[in-house]
Each structure stands twice: as C-alpha cells, then as structure tokens.
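Q: Quick one: the structure is below, and I'll ask about it shortly.
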C-alpha cells in the first residue's frame, strides 16, 4: 500500500507543476494580446548565462534612458499584436440591462421631461399673439394703405421714390392717419381709469388716443442723419460732392436749419441696420406735437426751407404706442433712406414689447410656472456642480450633453437678470410718461428685448437638442447618431467642395445679372438665391430677361452640377455610412420599455387588488347586517345523504394525512388563535420553532452519516 501511494504522489506532482505554469501563462495572456491566449504551453526555462546577459542589456538600456532624460519608471513596451480581420467581431452596445440602470435612466428622463415642458411654456410667454396683429394693423395703416390725394392720384409709403414724395406722404397720409380718428366725445369712466393719464385724464388723453385703444407715449419726432460735404474729383458741374454714409463722414454740427443735433445717448436711440448702411448715431431732431394743425405747419416749413438736401442720407419719423388691453408697447419707425444716387428707399420697422416681466405678471399661473422653472434651474445647477467636482474639468466637458448644460444654465440666469432690468425700466418709462409731455423713447427697451427673445429662442433650441442625450432608449436613434458621427469627416470634405461650387455660381450670378435681377444685386443675396434654386424657389423669367443665352446656360449647368450630382453624392455618403453601421454594429434593444411595462402593470394590479379587497369587505359587511329570511326545512334526499356520508368520511380521513408530522409542524399548520395581538410575530415564532426542529434533525442525520463512514473505512482498512 505504501509503494502504491508513493507512485501516485509522484504522478500528481508534475501534473500540478504544469497546471500552475499554464495558469500563470493564462493570467499573463490579457496583456499579450489574442495570440497569447492561443498558446498555453509553458516556455522552456532560460539558462543562467542567457538570463545574466538579458539583465545586463536591460541595465544598459535603463542607463541610456536616464542619460537621455527619460524617467526611470518608463518602460519599453511591445506593441500589442494586430488582430486579424477574421477575428474581429461585431461591436455590441448594451443599453440599460439592470434594474438600477433603468431606474436611474427613467428618473433622469422624467425629470428632464418636466424641465423641457416648463422651458417650452416659459419661452412661449415671451411672445404674444396680439403682437403680430398689433404690428400687422399698424403696418397696414401707415405703410400699405393708399390715400387719395386728388382725382386719380394716391399716396402710399411704399411708392415713395424721391424727397418730394416723402413730404407728401407726411402731409397727406401720415398726419391724417395719426390724427384722423380722434374725437372729443370720450367716456369719462374709461379715461379716468387709465394708468398713463395725468391730473385731468380726459383733456390729457384726448390728443394722445390712436385707434381708440392705444396711447401715444409722447408726440412723434423727425430725425435726420447727414454727411459732410467734400470736394469733387471732377468739379466742372458740381462744386461739392457727398459720400455714402459712414461714421467718419457724418455731419455733427450743433444745428441744421433750426433743428438741434443730439448724440445717440442724448436721443436715447439705438443702432439699426438699413438696406445700405449701419447707423449708430443720433441726428438732427424736430419734435412734433399732439395737435394736427401745428404738425402740418411744421412739416410745410421744413419743406419750404429744404430741410432735406444733398447732404441728407436718412430721415425717419418715429413714435411709440401703448395698448393697455394687451399690455404691449410698440415702437414704430418709418424710414426714408436717401442714397448718393438721390432716390428714396422706404423702409418700416415695427417692434413690440410686453409690459410685464416674470416678477410683475398678474396671472398667478404664470408666476407659479416661473417659480417652478427656476427651482428646476437651481436643481440642475447643483447637479452640474457635483458632476464637475467628481469627474474633473477636462473629463466633464468631453461629453456633448455636458457642453450643452454649460450653455443652458448661463442663459437661464441671464434671463433672470433681464427680467429684473425689464421691471425697473418699465417702471421708469411709465413714470416719465406721466410727468413729461415729450417723446418717450423705448429704443433701448426694444433693443435689449430683441436680444432676450433671441436668447430664449436659443435656449428652447438647445433644450430640445439635449433630448438626444436619451437616444439610447431607442435603437433607431442610436444608429442615426452613429451614422452621423461615422460620416462626419466625409461630409466635411464634401462641404468644402460644395462651398467652392456654391460661391463660384453666386459670384458669377452677381456679375452677370446683378444690374437687372433683384435676386443677384449683392453677394449675400446671390448666395441666398443659390439656396432657393436648390429648393426650387427661383424666378427663371428674370434670368432669361437679363441675358437669354448666358442665363439659360447658367441655370442648366447649375441644376445639373449641384442638384443632380452633388446632392446625390451627399446622399451616397450618408447611405454608405448607414450601411456600415447596420452591418458592423449589433445594438441590443433597451430593456427600459419592458421595465416600465412591468412596473405599470404591477401598479395597475395593486390598485385593482386594493379596490377589489375593499369592495369584498364592503359586500361582506352588508351581508352580515342582513337578517336571514325564515325558510322551510328541505325534505331529505338520498343524494344529499350520500354526500353527507362522503364528507364525514373525508373529515375522518383528514387527520390521517398528517400522522407523520411532528408537534412543531402540526402547530405551524394549525389556525392562528383569534386572541393573537401581533399576528406577524406569532407567525415568525412558528417558523423559527419549525426551523430549529429541522436543524436538530439535520445534525442527527449528519452524526449518523459520519458513524457509517467511519465504520466503512475501518472495515476496508482491515
């Protein structure tokens, strides 16, 4: 027996040593690539001379690295072996596979949906439907409406061509429209309740009423911007010449024919764009009044003294309105731009601003909405700060949703700052309108409001874009975003080529048709016309009228090159990337939908069970309160007698089924006493007693098994 055991031990030792070496080789395999996993045989032991030479060579390399300035901890590493294409597998993206991930994702999604809803409602409040109708009505009155001056002669703002037409418009159209609907018959109650009135509301508001429901915030005013005269290069016919407007050639004398010059700050004006230039100045100002006759005399006087001459580059009449029914301010500017060619380019600018801000809105629902929105902003601010603190600055801003959050939160706080400023500015404007009977400028309010509205529009856009953060909830959206990221480089190269062709045709159209075609008179308009031609919105007849032969060639080549070739290349790039994504990525479906379905059905079942249980208790209580009706005793039946015998037999045999149960098991299956106070504690005690008895049986059985094994081994040893 001893010799056999020694032989078996000798056979086990080499097997264990080889298994240990194989295990060490396998543990090193992940750092050596895929090929290391294929060879599991241990390498042969190195000889002592080879090992010494290897260590000596390694020491020389370390000394060389230190001499070259490399840190000692730097190690030369082998590049991992390249994986053959045949071994490459389809990448897999796992989407919310555990309950914890699904709960966290669902909670984050629901919170974001609340924030998205609040943001959408808040951004919609910056504009009112009445703003459009207010602007549209005012534009129809002062810009598009024609007034008959004489038989077969009409006057309209859009038909102004020269300076004389501008004066005729002011006299025969503007003043009549502005003062034509005023009446002395005012409702006393209506006038006395107006917030912008003075000590005598009826007298104050009589001349300030416009269209029965609007108030003039001060009388209108005329403003002129001029350029200084210069010497002509060829002065045979003209002694002086006048350049186009620019800040360097603007005339800033103290007065011009009785009108005082005011800077942009003194005039409370703001910069604005026109068709030809950008004006950031004040100008020479003539204040009008509330009286129609006085205004007529002033305009006739300005026409007589030639207030507008060769030096004039822009003249505008401006006034402001307030409608208390809708709580909206309106700024109206009717502009006559006079280029160096001598014609007049009429333009109209109408802007509306709401009176109330977040803090002064009389609607309590809107106030609650603003409070809830800013609470959500504070919540997301805390979340962003914690995420930035935990992940670090560089790692935090590698994610696109985090970059969006970096833009969203500052915009929200800027909106809060604007509403504070808006409240103060409106209160100051109303106070000035009540104290002074002069022109009240709301240009600054309108200018800042435009910035605020654009900012809120960008906010709404970015919040909806951030919704793509949750695209992993849907397989199709994941494929779409992966396709865009995969083909981004190809699209960048294509965009460069497309932009070159685009600019070439825009420049060519400007040079060929810029003098006759209204869609090619500048490079910006030409580029917009190229985009419109791609969408099918163009006026080919005007191109053909400009040049019948070259216009046809220009149009046909552009359609063939851009519409049929470049756009198809664009679609081919996207389709190729999409096919690669479909074939190279195996995106598993998200389990979030099934998780939500399970939770929803569970909630519905719980509600139904509670209602059914409550209904059952109610029915049982009602039945208990009912008194049984007296009934006759039924006659005995042979079938009933046989059933009673069977039941008695069953009741007699039922205890026989539990004859093998112990006392603890029998006690566990017994009914709970009615006088039990804590039913759960009673049931737990029963279970513990039953478990103790089962453990005692298990220990006794283990002792019997051990004795049996000892007896078997003893017999075999003998």
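Every residue gets a Cβ built from N, Cα and C, even glycine.
Quick paste of what TrEMBL says about this protein:
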- 1-57: region 'Disordered' (REGION)
- 13-34: compositional bias 'Polar residues' (COMPBIAS)
- 42-51: compositional bias 'Low complexity' (COMPBIAS)
- 105-126: transmembrane segment (TRANSMEM)
- 205-354: domain 'Polycystin' (DOMAIN)
- 365-581: domain 'Polycystin cation channel PKD1/PKD2' (DOMAIN)
- 368-388: transmembrane segment (TRANSMEM)
- 400-421: transmembrane segment (TRANSMEM)
- 441-465: transmembrane segment (TRANSMEM)
- 491-514: transmembrane segment (TRANSMEM)
- 520-540: transmembrane segment (TRANSMEM)
- 552-575: transmembrane segment (TRANSMEM)
- 595-612: transmembrane segment (TRANSMEM)
- 632-654: region 'Disordered' (REGION)
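I'd like these features described in context: how deep, what's nearby, how far apart.
A: Outside the transmembrane segment (400-421), and at least 6 residues removed from its termini, the chain residues within Cβ reach (under 8 Å) are 357-359, 374, 377, 380-381, 384, 387, 448, 452, 455-456, 458-459, 462-463, 465-466, 469.
Distant neighbours of the transmembrane segment (441-465): 115-116, 119-120, 122-123, 126-127, 217, 267-270, 320, 329, 331, 351, 353, 404, 407-408, 411-412, 414-415, 418, 421-422, 425-426, 429; these residues of the same chain sit at least 6 beyond its ends, with a Cβ under 8 Å from one of its Cβ atoms.
Beyond the transmembrane segment (491-514), the same-chain residues lying 6 or more positions past its ends with a Cβ under 8 Å from any Cβ of the stretch are 520-523, 526-527, 529-530, 542-543, 546-547, 550-551, 554, 558, 561-562, 566, 569-570, 573-574.
Panel annotation: around the transmembrane segment (520-540), residues 502-503, 505-507, 509-510, 512-514, 555, 558-559, 562-563, 567 of the same chain, lying at least six beyond its termini, place a Cβ under 8 Å from a Cβ of the stretch.
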Q: With a Cβ cut-off under 8 Å, give me the same-chain residues at least six positions beyond the ends of the transmembrane segment (552-575) that come close to it.
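A: Sequence-distant neighbours of the transmembrane segment (552-575): 483, 487, 490-491, 494, 497-498, 501-502, 505, 508-509, 512, 530, 533-534, 540, 543-544.
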Q: Could you pull the average pLDDT for the domain 'Polycystin cation channel PKD1/PKD2' (365-581)?
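A: Result for the domain 'Polycystin cation channel PKD1/PKD2' (365-581): average pLDDT 87.
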Q: What counts of helix, strand and coil residues does DSSP assign across the domain 'Polycystin' (205-354)?
A: 18 helix, 66 strand, 66 coil
